[in-house]
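Asks: Structure incoming, see below.
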Amino acid sequence: MRVTVSRKAHFNAAHRLYRKDWTAEQNEAVFGKCNNPNFHGHNYELIVSVTGKINPETGYVMDIKDLADIIYEEVETQFDHKNLNLDVPEFQDLNPTAENIVVVIWNKIRKRIMAGNDLEVVLYETPRNFVTYKGE
Ligand code: NI
């Protein structure tokens, strides 16, 4: 019997989608408005889910307070009110698309989750646009 425990979180961040090794025309053609040189912001929403067996002693898969603390330390303190391109080392040479952001977040949280438990991260860039990564 495996149960999924989920925690929602939120951060505001700015980004610009572009490749340094492409011309302005190539970047404009592929990334359009998202290539705005002066950056633009999003209200990112996050759903972090951990799936595993219930510990018979505690009745928990994991203490959701611990999950909240991990998300706060690994994501909110590092991404909230930041410029992802300029302020976050992981995106110095990685385009901060929703896809790349969700993989970076998953990797940061994964190392804090008990082996044997599965991790899934859903990242909303807008209320209608979201991506999912399960480490596959
Ligand atoms: Ni954007």
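Cβ atoms are placed via backbone N, Cα and C, with glycine included.
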Asks: Looking at the Zn(2+) binding annotation from TrEMBL, with His40, His42 already listed, which candidate in His10, His15 is the matching residue?
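Replies: When TrEMBL describes the Zn(2+) site, the candidate it includes is His15.
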Asks: Do you see any of the recorded positions His15, Cys34, His40, His81 whose C-alpha is within 10 Å of Glu125 (active site, charge relay system), and which ones?
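Replies: Checking each Cα against Glu125 (active site, charge relay system), there are no hits.
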Asks: Taking the Cβ of His40 (Zn(2+) binding site) as centre, how many other Cβ atoms lie within 10 Å?
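Replies: So the number of other Cβ atoms within 10 Å of His40 (Zn(2+) binding site) is 12.
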Asks: What is the set of residues, excluding His15, His40, His42, whose C-beta falls within 8 angstroms of the centroid of the C-beta atoms at the Zn(2+) site?
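Replies: Apart from His15, His40, His42, the close residues are Ala13, Ala14, Arg16, Cys34, Phe39, Gly41, Leu84, Glu125.
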Asks: Name the residue among the binding-site residues His15, His42 whose Cβ has the smallest number of other Cβ atoms within 10 Å.
Replies: His42
